[in-house]
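Listed in Swiss-Prot for this protein:
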type    : residues                                       : note
BINDING : 43-48, 150-151, 175-178, 200-204, 269-272, 326 : GTP binding site
BINDING : 47, 181                                        : Mg(2+) binding site
DOMAIN  : 32-354                                         : domain 'G-alpha'
LIPID   : 2                                              : N-myristoyl glycine
LIPID   : 3                                              : S-palmitoyl cysteine
REGION  : 35-48                                          : region 'G1 motif'
REGION  : 173-181                                        : region 'G2 motif'
REGION  : 196-205                                        : region 'G3 motif'
REGION  : 265-272                                        : region 'G4 motif'
REGION  : 324-329                                        : region 'G5 motif'
């Protein structure tokens, strides 16, 4: 009896091959779809990472889009100098030049126009004189004792440029803007043949209840921590150290049953600010048991260990840690490249293709 297949058997074999092929194609397609969740406490740099994705993986911000950030730049600048002046009263710091008190009064009167996207020569002059004052600088140097935008010095030192009538914010100016994220911001881009959907979720406590429905089918979590927060308290709870809050949040995410099979990538962010701050503000403010030196390398490594030690599944779950500066495009590009390689490897493994 011969081994020739009947027409029916041949059709069944072809069908089987087609099903296998379709399954493989579906597997490869699934391996190319990446859902990234950006988590972390408020002001840890999540939204800046999203802006960097637009700069790196899309065409960046058009001139028209940059113009729309002008009002935000002015608002951030005004709010920064106002925060410093208000703190001077609380910290009992006097102006170096007593006549600056008149400028401060004038600033409060003129602030509204600049908040709406106009920076008159009068407002710019007032801010410039105040920023140069020795008392204002002394208060700025004590900014850990009150809430101040990270980009305060960036904008205030560049007032001549941003106060020009022809001013259009640069990509870097846009990266530095601070607007509290409310709700969920979704970004799509393609990189290394992967289709990314990135979700940026508000970090303040009031925003966290909105995270839960993003959890389904997440490929990886990027958890952002601001290294420079080690000596600060929360804007929404002045009793709580920001780093301790971040650790508490990371513990709940890292060991959550939802994320047993999810890659967790830890971005220890604002390394530039941390490197400056650690020279004058000891790590023992946050970790009283810390016995190392207040050098960037040693203090940063200690913080890394504090977070990685929270992982209760060390045998089966790896935390991929990177030190980042979210406002530095080259640094974010380099780190995201490494992150993508990890995602590709883990994705292929999950789809049985590795």
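Cβ atoms here come from the backbone N, Cα and C positions, even for glycine.
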Candidates 150, 176, 200, 270 (binding-site residues) - the one closest to residue 47 (Mg(2+) binding site) by CA: 200
Rounded inter-Cα distance in Å - residue 200 (GTP binding site), residue 181 (Mg(2+) binding site): 8
In three-state DSSP terms, the structure that residue 181 (Mg(2+) binding site) belongs to: coil
Segment-level pLDDT (mean, integer) for the region 'G1 motif' (35-48): 91
Per DSSP, three-state class assigned to residue 46 (GTP binding site): helix
C-alpha spacing of residue 150 (GTP binding site) relative to residue 181 (Mg(2+) binding site), in angstrom: 16
Intrachain C-beta neighbours of residue 326 (GTP binding site), sequence separation six or more, cut-off 8 angstroms: 45, 48, 49, 52, 175, 224, 267, 269, 270, 332
DSSP-derived class (H/G/I helix, E/B strand, else coil) of residue 176 (GTP binding site): helix
Secondary structure content of the region 'G5 motif' (324-329), with strand meaning DSSP E or B: 1 helix, 0 strand, 5 coil
Of 43, 150, 200 (the binding-site residues), the residue whose Cβ has the fewest other Cβ atoms within 10 Å: 150
